[in-house]
Structure formats: C-alpha cells, structure tokens
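Here's the structure, in structure tokens; my notes come after.
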Amino acid sequence: MELATTGKVNEVLFMNRGEGESSYAQNSSFTQQVASMATLALENAVETLFSKDFHLQALNATDLGCAAGPNTFAVISTIKRMMEKKCRELNCQTLELQVYLNDLFGNDFNTLFKGLSSEVIGNKCEEVPCYVMGVPGSFHGRLFPRNSLHLVHSSYSVHWLTQAPKGLTNREGLALNKGKIYISKTSPPIVREAYLSQFHEDFTMFLNARSQEVVPNGCMVLILRGRQSSDPSDMQSCFTWELLAIAIAELVSQGLIDEDKLDTFNIPCYFPSLEEVKDIVERDGSFTIDHMEGFELDSLQMQENDKWVRGENFTKVVRAFTEPIISNQFGHEIMDKLYDKFTHIVVSDLEAKLPKTTSIILVLSKIDG
C-alpha cells in the first residue's frame, strides 16, 4: 500500500500498541524528555490564560496526537497543578478542567485510558475537578466546536503529514527518490520541494482548524521534531530515516523485500526548520508567536556505557513509532529481521557518534478578531 492518500496514512499512522517490549507505552522516554523541556512553556501558557479576562468556569484543553504513553498524563498534571495554584491565588471556588485526548482512530485508547489514575486526574471533590474524554480523528481538520478551546497542547505530532508528498514519480511512473524513504543527500531537489510543500499544506490546515476552535486570546503549545540547518538533507534531521533505508536496502539485497516496495515508499513526515515554521504561521495570520525556540538532546541514552545496549534501546524507541507504518509497506513477517539489522547499523555508527535530535517549542496566541 503506497501512502499516497490521507485516508491510507490515517489507517496506519499510530504508535505500537499495548504494553509489551516494543510498545510505545514502554519506549516513550525520549519523547517524555522532550516534553519535559516544554513544561515551563506550558506552565506560562496556563498562567497567561488567567491573566486574560476570560471569566473561566471551566478550562477546556486538548492534547493533540496524545498516543498511549505516560507523556499525556504529565501534560494533564501540569495543567491541573497550575490551575490549582491560580485558584489559590485568586480565591476561585468553581473552576473545572476538561481535557480532550486526541489521536487517530488506530491509536491504542484502551491502554491510554487504562493508565489514567486518580493520581493524574484527582477526584471530583478537589479544588479543580478534572474530566477527561477521548476524541479520535485527524487534527488536520476540525475536531471541536467553534470558540470552545482555551488551551491546545501537542508534542511530537505536528511534523507527521497527512500523506506521502505528491509528485515523487516522473511521467513514466518511476520513483524519483529511489532507494530512500525520506530526504537525503542523493535526493533530487524536487523531493525536498515536495516534502516542504506537503508540510506547508498540512500545517496550514492544522492552523486553520485550530483558528476556528480556539477562543480569541487562547493559547497553543506545540512541540515538534525539527532541524537547525536550512538544509533538510542535513544528517542531523534525517539520520533515523537514512539508517532505516540502509537496513531495508540490505533486506532487499537478500531477496527478503521487493526493491519496488522500497523505491515507492516515502515516509509521511517532515522535520522543518524554525524559519519554515515561522513563515507558515505568519502567512496563516490567525496566531501570534509568543515564543519559539529550538533545542537539542542526545538521540541515545548516553549514560549507558555498553554500545550494544544503547543501540538496542535506540532501536526500541524507533520501532515503537515506526513499526506500524513500516510493516504496512514491507510486511509484518520481516520486522524482527529489519530492526535487528537496524540495531547493527546504529551500533556501527556509534563509533562516529550519532547526531543530536533537534526539537522546536512553539507557543502561539489566537488573534482577537
């Protein structure tokens, strides 16, 4: 199945389900580390909402692309804690919190809600009662009524595309990104242009939908994978996909995967630069940028000395968020071989040190009027 349409991507884009060794629930420590870097931004966003004359009785918040790991629980806890702090300061008596957890229909909502505990949401007798609902669907379209949201949070989700970029075959139907699954140094310029164009289209749709749902002066805190370089083929931004493509190509050479399946597969994901994100937000015109920054984190658990353990841990993280979409293209039966090959490639690259991962924090306010 080629990922050429939004419907097909929506069917296979989700994190590994359950709570097993390869599940996202057990391998989300890196995204948890990323999200923790944005905790202050989220706290400030809640503080800002209370400084505006909303006359709040209930704060409506959503976590878009919440997946099924513990990270979304930390988001709920942070919002609730800040609301309780403001309630004590302002002597509020009736404030409530409504949180909507959103992801695509294939998301493991069962594991997600099984993990919700009284420690996360508290009880209804507390000073800020918390109510949680699931909202399945694509955040590239409308999910909520007009002017219904005060706060939008999303971590490591907005960089996923609605489909593989259009125009990656020539007039004869031959692949233009042969042997690769993302932008690389050998990709022709049209591949880079197609990826940026698709991200521009999708992020604009995201902003347009939120502009209708978020109340005037409401806030959005977005964390997405990005890059520091202006070059989208820079190894810092594409090394995961580059190493996966090498692993897939080795299985092609062994006759375990058809070469055509590799040549026709392009991952529906784009890691933008800060300048590209800023340009799209300003062109859309619905939100002002209150804060934007990029930061780097080690891609591996550097405290682990054994390079094989580090390589295996990195593979588990990558497998947790790539296996559903990769197995859809290449087959479930070769996944163990593929990720074992990936581990060997990662370990061999450790000698040259894998690049750090760049993330972007973006805080937006809905323009009033």
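Positions of Cβ are set from backbone N, Cα and C atoms, glycine also.
Site annotation (Swiss-Prot, ligand caffeine) includes THR31, TYR156, HIS159, TRP160, ARG225; from PHE295, PHE314, PHE321, the additional listed residue is PHE321. Going by what Swiss-Prot states, the Mg(2+) site holds ASP263, PHE265, ASN266, and the candidate of ASN110, ASN147, ASN170, ASN177 recorded there is ASN177.
Cα-Cα distances to TRP160 (caffeine binding site) place CYS269 within 10 Å, out of the recorded positions CYS66, ASP103, PHE139, CYS269.
Of all the recorded positions in the record (THR31, ASN177, ASP263, HIS332), the one with the smallest CA separation from SER138 (S-adenosyl-L-homocysteine binding site) is THR31. Counting only residues at least six positions away in the same chain, the Cβ atoms of THR31, VAL34, ALA35, GLY65, ILE223, LEU224, ARG225, SER359 sit under 8 Å from the Cβ of TYR156 (caffeine binding site). ASP263 (Mg(2+) binding site) falls within a helix when secondary structure is assigned with DSSP.
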